[in-house]
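For reference, Swiss-Prot has these:
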BINDING   His92, His94, Asp105  Zn(2+) binding site
DOMAIN    6-149  domain 'MPN'
MOTIF     92-105  motif 'JAMM motif'
Amino acid sequence: MAVQAVHIQGDAFLVCVTHSLSTEREEVMGLCIGEVDTQKVVHIHSVIILRRSDKRKDRVEISPEQLSAATTEADRLAEITGRPMRVVGWYHSHPHITVWPSHVDVRTQAMYQMMDVGFVGLIFSCFIEDKNTKTGRILYTCFQSVQAQKSSEYERIEVPLHVVPHNTIRKVCLESAVELPRILCQEEQDAYRRIHSLGHLDSITKIHNGSVFTKNLCGQMSAISGPLLQWLEDRLEQNQQRAQELQSEKEQLLQELKALG
């Protein structure tokens with residue numbers, strides 16, 4: 001197996017979970033940016049949320065243009081951090097279904113590994129209810145594909161996934177989180193314009209489609225934009241409070257230093 005383990009930063013993991021919980025009707029996807037060390041351990045530092053051109057309940061696809069754009073973003077991060085950043089994997093959600101990859105997922109993963117043997121796949125299973133406690137659960141897994149011994153098909157191999165705690169939210173992950181509402185809005189606009197451009201629709205149908213479009217945007221504002229804004233405001237308040245505490249500590253230390261002098 002090419003990869004021994006995967007370490008994902010806590011703030012990047014948070015963006016993946018938030019993106020996965022943004023919709024329970026279709027699967028969502030994104031790309032992982034990071035580096036691979038000499039011990040064949042993949043370190044994921046940030047993620048890129050991808051815009052879906054075709055919404056499907058049980059399938060996601062990454063276009064060559066999106067992969068190229070992600071590579072460009074990885075190069076930009078490499079210049080900023082001075083580390084060899086690249087696209088090291090992909091993630092997608094499994095709403096209401098098992099966390100294990102489907103045959104399509106395994107074949108897709110095998111295709112990516114043909115380009116990079118260190119490429120990994122992450123799956124987030126969400127909107128799953130525990131039958132005993134009646135509480136929601138989020139399950140996640142990391143995998144690669146290998147050729148089956150007595151078959152031409154591929155099979156999955158689970159890769160250990162470790163979430164690395166991170167006390168702060170780095171700028172690159174914060175930008176990805178803030179980008180989520182805009183991407184979801186663009187997806188709704190694309191779907192509405194595609195349907196609205198059909199010439200055979202009557203006036204009542206167009207009015208209905210417009211109402212559905214407005215309803216979906218309001219739902220996104222309530223479920224995504226509102227909580228995200230509240231979270232950012234709470235985070236800002238915490239940072240300001242912490243800054244005041246550090247300033248007070250600094251002044252106290254300066255006074256003690258002055259007394260010693």
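Cβ from N, Cα, C; glycine included.
Sorting the domain 'MPN' (6-149) by DSSP state (H, G, I as helix; E, B as strand; all else coil) yields 42 helix, 53 strand, 49 coil. Other Cβ atoms within 10 Å of the Cβ of Asp105 (Zn(2+) binding site) number 21 in total over all chains.
Within its own chain, His92 (Zn(2+) binding site) has Glu27, Val28, Met29, Gly30, Val60, Asp105, Leu122, Ile123, Phe124 as residues 6 or more apart in sequence whose C-beta sits under 8 angstroms from its own. Mean pLDDT for the domain 'MPN' (6-149) in the predicted structure: 90.
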